[in-house]
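Novice: Below you will find the structure I want to go over with you.
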Amino acid sequence: MGYLIGLDIGTSGVKGILVSVTGDIVASRTEGYPLATPNPGWAEQDPEDWWQATKKVINGLLTDSQIDPGTVRGISLSGQMHSSVFLNDKMEVIRPAILWSDTRTTRQCQEIYNRVDGLESLIDLVSNPALEGFTAPKILWLRDNEPENFEEVKLVLLPKDYIRYKLTGEINTEVSDAAGTLLLDVVEKDWSKEILDRLNLDREMLPPVLDSTEIAGKVLPGVAVETGLKPGTPVVAGGADNACGAVGSGIVSEGRVMVSVGSSGVVLAQANNPRADKQGRIHLFNHAAPDKWYMMGVMLSAGMSFKWMKEKMFNDRLDYDKLNELADSVDPGCEGLLFLPYLYGERTPHADANARGVYFGISGKHHQGHFIRAVMEGVTFGLKDSLELIKEKGVTIKEIRAIGGGAKSRIWQQIMADIFGQEINLLNIEEGPAFGAALIAGVGVGEYANFKEAEDKIIKVRKTIEPDSNNVQHYNDLYQLYRKLYTSLKDDFKALSDLNN
């Protein structure tokens, strides 16, 4: 029996899974590490923490499973997108990594727009708008604010690419993660000379770009001693966390969409050709599947809205089962109560840091159950915003696959089916990006001919939720009102932000 290892270098820790080539999860390990916030809006981590956690995870997988390390056919990696690791000419880390969630780069984002003559021009170059989380603004921030560190920079790597370098000694990235830097020509799959010239950045500080399924290197002898792996074990390039999550959910053909209700909400659809949104409302990135792309909408407060309600409105006195029970006691539409899930601003379709959460339509008849269900419905309306944008770009949505904590709720499953007006499918395996990374390893080393073969062998639909025809039209009418609320309140959100500041 052969095995594959998938590693996900996340924000809270490294998750690793050991998978048989037939798709059985043999072992799973997670090792956490701290996140530093030295100033408001900052988010940093020490890449050495990632590396130490990775070694512990690999060692744990091999110890727990007791397999022969020689039967590990390949390893691949997923990782948090956008976060920046700055290295000197000795390949030493210069300063803590600046993470995707760091918001210090607002001025640098505006500088990018100024240098490339606006949003549409930027999207023509790199298919995405300039957001604080992306890599390019972080590089400019370092140049502006820590010039002595910037002078030392020989190379900028993304988190999983740094860990792969530590495993193999090879320096590279791959298309799906590089697409999130704001420096890649997403159509041509290579660094954009024009954007680098406009930003006065040296291409030499960026690594070679591979396809996700290419073998990027082999496990070094010294690393083998530390981890228990066999020296020379192939390490496949891997993918960004969202691309790997899509692979692990079988989103490897056009028309299939992943809806993830985690802390944030993600709607992701494969595209067979690049279709950038000129207004920058949804992202276009390269997929881990060769010569494919994906469109992605992101809402900042999906499960986070539900968690906020549980903790702040109900003081954590009600468990999730009770919250679901109360939500189920209320009719669809909450008798006219709507919720805007913009607790921390929003990203898709409104890139607006000033937007805030709203309960709209409160009346004396509304009770706990209404407020709970309204959050579920409001988050789902927000996810529908992304689905509608994907349809607008010419993708026919044939199947929706739901994952994440919110998708485990029977009530929320039905709300999604009714608001989307389509069947919702749940899967037999939900191991997140680490599982997708393991499948990428399998394709890369030839255990599977392609992702379609891997999916057919391993990923199955375990449950289908049908929309209730009695609710679909009512929800559609409410959605039209929901869409108007942001437009009506946009200027007031800004005014409120100015007052608070």
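Every residue, even glycine, has its Cβ placed from backbone N, Cα and C.
The feature active site, proton acceptor is assigned by TrEMBL to D241. Annotated substrate binding site per TrEMBL: M81, H82, in sequence order. Positions annotated as domain 'Carbohydrate kinase FGGY N-terminal' by TrEMBL: 3-248. Look at TrEMBL and you will find 258-443 tagged as domain 'Carbohydrate kinase FGGY C-terminal'. The annotation site 'Important for activity' is assigned in TrEMBL to D8.
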Novice: Distance between M81 (substrate binding site) and D8 (site 'Important for activity') at the Cα atoms, whole Å?
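Specialist: About 11 Å separates the two Cα atoms.
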Novice: Near H82 (substrate binding site), how many other Cβ atoms are within 10 Å of its Cβ?
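Specialist: Summing over all protein chains shown, H82 (substrate binding site) has 25 other Cβ atoms within 10 Å.
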Novice: What's the number of neighbouring CB atoms sitting within 10 A of the CB on M81 (substrate binding site)?
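Specialist: Cβ-Cβ neighbours of M81 (substrate binding site) within 10 Å number 26.
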Novice: Restricting to the domain 'Carbohydrate kinase FGGY N-terminal' (3-248), what is the model's mean pLDDT?
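Specialist: Averaged over the domain 'Carbohydrate kinase FGGY N-terminal' (3-248), the predicted model reaches a pLDDT of 97.
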